[in-house]
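According to Swiss-Prot, the Zn(2+) binding site annotation covers C510, C513, C579, C582. Per Swiss-Prot, the feature compositional bias 'Acidic residues' maps to 1-11. Feature annotation from Swiss-Prot assigns compositional bias 'Low complexity' to 113-137. What Swiss-Prot lists as domain 'Lon N-terminal' is 278-506, and the listing cites sequence analysis. Residues or ranges marked as domain 'CULT' by Swiss-Prot: 505-614. Per Swiss-Prot, the feature region 'Disordered' maps to 1-25, 92-159.
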Amino acid sequence: MDDEETAEIDETNSAAADMQVELGPEQLQQEMPQNGSGDGAAVSAIAAVSTAHVNSRARLENMIEEVDNMFEEVSELMVDVTELMRRANELREDPGTAALAENARPPAEIEEQPAQQEEQASLPYDSPSRASISSRHSGSDMSLDSPGSEDDSDAEAVPRWMIPANRVRSAVDMLVSQARNRDGGIATLLRRENFLQRVRSMVFSQDRIRGRASDEANADVINTVPDETPESPPAPLDVDMEEGVRFDTNLPAEHSYFGTNLNRVPGVDYLEVGSTHRMLIFMHQHILFPGEVLPFMIHGSIIDEEIQDSGRDGVIFGVGFPLMQPPDDNPHKLYGVTCQIYEKGESGRQHVFYKSRALQRIVINCDDIQGPPQYIARNPTMKCYSKVKILPEYFLPEPLKCIDMGSLNRFRDIPSMEKKFRRYQLTSTPWPYEACEEYSFEHIVEKARQKLEIHKIDTMPKCPIQLSFWLVRNLHLTEKMMRLTFLTDSVNIRLQIIDTTLKQESLFYCRYCNSSLAYCSDLFAMSKHGVQTQYCNSAGYIHETNTVYRVIAHAIGYSGEPSTEFSWFPGYQWHIIICKFCAQHVGWEFKAVEPNLAPKVFFGLAGSSVRIGKTSERTPTHGSTFVVRNLLRLVSRELE
């Protein structure tokens, strides 16, 4: 890689940092540029940012291609080294060369690396042996079918100075996080002459961490016979079997940690579909769906002035989602929701607590934004306005329910007659059975109800429109599926998309190193709003929290001391938990401090630190899109 390419990579990563390519909790703490000039200057600034965005995207694509090529080169080197080591082993078996092989020992510092590396092998990722090995389950931190960290504990032993090929990706992630402390930053990091040496060093560092974290788990693996089939998710826990008083799920929904001095705010009517309105705009790092509650804390003057300017009693504002990718035909669109404030209270430090509820989906034209966009999770101090358009919600009722069967209609809602009545209806219509089933949503609702029974959720809405959004929040869909359902105007299609995910078994993965953290089957509702809820901490930062009964053994560590201050769940203390492999914050452990309170312990996983993926998914060793995204995220965060 020549100096010109290196400089271009450095420039691209700087641009990625400015644009916040991958938003994380730390990035939200950075100050955004603020422009106090008039509307004309603001529009010019936005146009300049849009142009820079297009140019930077092209540079980012070039960098992704460079990184892909780099991983391919490393993979090829691993194959060559594997072949050399195979030949070396053959020579060791030769009595004539046994003495020479015995004397050919690695340096002392490498000899001190964890003995766990003796169990690892470097195989081509697409080989049958690799696929067989990757499907097995071990107790290590990076197993459990975690993408990018396939289990290799049953592989053929290799010398300690070998770098397993399936560790290169995670080594690069950790290596990049230290780029800021190096002279020359990421450009120096990626130079060919020292890249492999530093990756090798980082692999050994990771293995030392992994060895310390999973000694107990590895001992269990040694004493058990490996299973040839992937391990299925454990049976869900039943919190009702615990002794004690069941926690009141209404308490978290009230957000009582804001205090008791909250006043009701008059409501507002739904806005007409297709209409355009100018309103106050904030940004948010998560995707909100209509019906979801958003608690936040900002300077009181922003909302108070908005009430005075609008002349209305109620307050409605827009929340945009930068993570929602705009359509290719119109890259200047930003999607979001309207939110209505329904309660507020003083915090005692010139900030006001607000509780709001998402109402309708909207689309924002970025060319119309007036003022600096600010994140609602960072206590914004300046106003930003834009014109928004209310998106429609189309719902087609089931065709058979639109047919008047005369005197037979009285049998329509009798459960014992339902199937027979349906057959009568089908014989009287020109539509085939498949066409009627395509627009039927009752069987989808019933399958979703059965799946959610294990989560102890009994607040399922009956309105199809509200139900479609509610299911997205409680069925732990992947980020791709969440975006797809949000952009869908048809409720019927939205429910069909949800139906395709009901049979999938999913895991929570660490967003930084891809370690497996928890099974989605262990989700349960600690709030009447469901398993996924937005909460606000004492600093004003909003966390999307997923509550689970348990996490995977040896997957987490702890940071700091437990505390009951500003606890989202009354009667519980919280303790920060971190990924045991990469030491990144991934959520909190909640432990009951009041006697006879059930559950005794549960965990809240932060949506900004975890991602949802299939248990069967695999990520290639080289050329991985996830690796490139993760690398860019770490680069932009470290270079800011």
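Any Cβ shown, glycine's included, is placed from N, Cα and C.
Of all the Cβ atoms in the protein chains shown, 25 others lie within 10 Å of the Cβ of C579 (Zn(2+) binding site). Most other Cβ atoms within 10 A: among the binding-site residues C510, C582, that distinction falls to C510.
Broken down by DSSP into helix, strand and coil, the domain 'CULT' (505-614) contains 3 helix, 61 strand, 46 coil. In this view, C513 (Zn(2+) binding site) is surrounded by 23 other Cβ atoms within 10 Å of its Cβ, with every protein chain counted. Taking the centre of the Cβ atoms of C510, C513, C579, C582 as the Zn(2+) site, the nearby residues of that chain (Cβ within 8 Å, site residues left out) are R511, Y512, N514, S515, K580, F581, A583, Q584, V586.
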